[in-house]
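Annotated features in Swiss-Prot:
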type    : residues                                    : note
BINDING : 23, 80, 120, 454                            : (6S)-5-formyl-5,6,7,8-tetrahydrofolate binding site
BINDING : 226-231, 245-251, 270-273, 335-338, 358-360 : GTP binding site
BINDING : 226, 245, 247, 250                          : K(+) binding site
BINDING : 230, 251                                    : Mg(2+) binding site
DOMAIN  : 216-377                                     : domain 'TrmE-type G'
């Protein structure tokens, strides 16, 4: 669709509400104002006016705001009509506007997309709008605001600027090889490169924290029937989310709970007990359990402490460990410490974490929560932090790889041309985060996930 069309959409959630807002952006915004309001409101002043139908009858009355471009959210002429939040009224007003020539319904995220295309926002800031709307905790919301205000973008621009300066220095060394000073081997370029790499690593650390705030951690509780998996889910959730009985195989399907640990979203999944299925329903539940296990960030291997003294996962259940993906982190949870009398606590056993607790009494649950937070490297101190998406982490990782390869070319062979190319590729990867270098396909995928009115 053309970006020169004038677009309109409801900017408030669908359904009944005290206020409903329609947003118009584009060249015909002033025409819409004249047709619906009978006048063009004074720019950036709230005007209380009737909203007129084509025959002059009043559809609604409310506040009109007019923002001439380029001093608007999208950089275009923008008109906002704030009326009553009834769906019928808003639909009538929307139809009235769409009947005017040159108007069409906005695509999801098109207002933010136009703001990006008109240099009102960079891509990271535009994404922060959607992240702010979707924030599930206070920390996530504050970090999204920081990103919207440019905290993440500033860090990326600083890295890009440092790489630009370094590239100029390297290119000069390549173009003037006859100079008395060998810029490639005198240590100055390596020192600057090491500085950029250190700064990038710091940004990656902060971005991982931002990603955890946004994406959270997926934890799957797995084990044999009657090990206490559902009791652990209830203890972590702080409510009776799952049915708990003494009958083995009570849980037949996947149960999901979403909680927060100091602002980090935790997606807890309780699964059917793993064993030879006794019927088709249980077989399907066990298949779903393994599907969730394979996609987890961490598995809580639930063990009934009254049935074994073993603490090594392979000794407890070798078949289970053999099927687990080799890189999947697990924590062995020895349950029923209130019965066995085991000392509550967390230890390390041959590279695996082992925690002793009682899901029934809740003893040791806080220790498990802290363990999950620390295992992901999450810190609750997000002052000045920013949110990050998976694509941001991938771009930062790619940039780090190019810088590492460039460093290798420099110290092993003083290969200026190869170093310059790696610096260029690293800079390109970083520029994808803010949208200075992005494909149309990437932009389409990002903005299509936004709300219609954004």
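Just so you know, glycine gets a Cβ as well, placed from its N, Cα and C.
Residue 336 (GTP binding site) and residue 230 (Mg(2+) binding site) have their C-alpha atoms 13 Å apart, to the nearest angstrom. The number of other CB atoms found within 10 A of the CB of residue 226 (GTP binding site), across every protein chain shown, is 20.
For the binding-site residues given as 23, 120, 229, 336, the lowest number of other CB atoms within 10 Å of the residue's CB is seen at 120.
Residue 23 ((6S)-5-formyl-5,6,7,8-tetrahydrofolate binding site) sits 55 Å from residue 226 (GTP binding site), taking the Cα positions as reference. In this model, the domain 'TrmE-type G' (216-377) carries an average pLDDT of 82. DSSP classifies residue 23 ((6S)-5-formyl-5,6,7,8-tetrahydrofolate binding site) as strand under the three-state reduction. Taking a C-beta cut-off of under 8 Å and a sequence gap of six or more, residue 358 (GTP binding site) has these contacts in its own chain: 335, 336, 337, 338, 339, 344, 364. Distance from the CA of residue 120 ((6S)-5-formyl-5,6,7,8-tetrahydrofolate binding site) to the CA of residue 229 (GTP binding site) is 50 Å. For residue 80 ((6S)-5-formyl-5,6,7,8-tetrahydrofolate binding site), the Cβ neighbour count at a 10 Å cut-off comes to 21, with all displayed protein chains included.
Under the DSSP three-state reduction, residue 120 ((6S)-5-formyl-5,6,7,8-tetrahydrofolate binding site) is assigned to coil, being neither helix nor strand.
In this structure, the C-alpha atom of residue 230 (Mg(2+) binding site) lies 50 angstrom from that of residue 80 ((6S)-5-formyl-5,6,7,8-tetrahydrofolate binding site). Cβ neighbour count for residue 230 (Mg(2+) binding site): 24 (other Cβ atoms within 10 Å of its Cβ, all protein chains included). Look at residue 80 ((6S)-5-formyl-5,6,7,8-tetrahydrofolate binding site): DSSP puts it in a strand. Secondary structure at residue 226 (GTP binding site), taken from DSSP and collapsed to helix, strand or coil, is coil.
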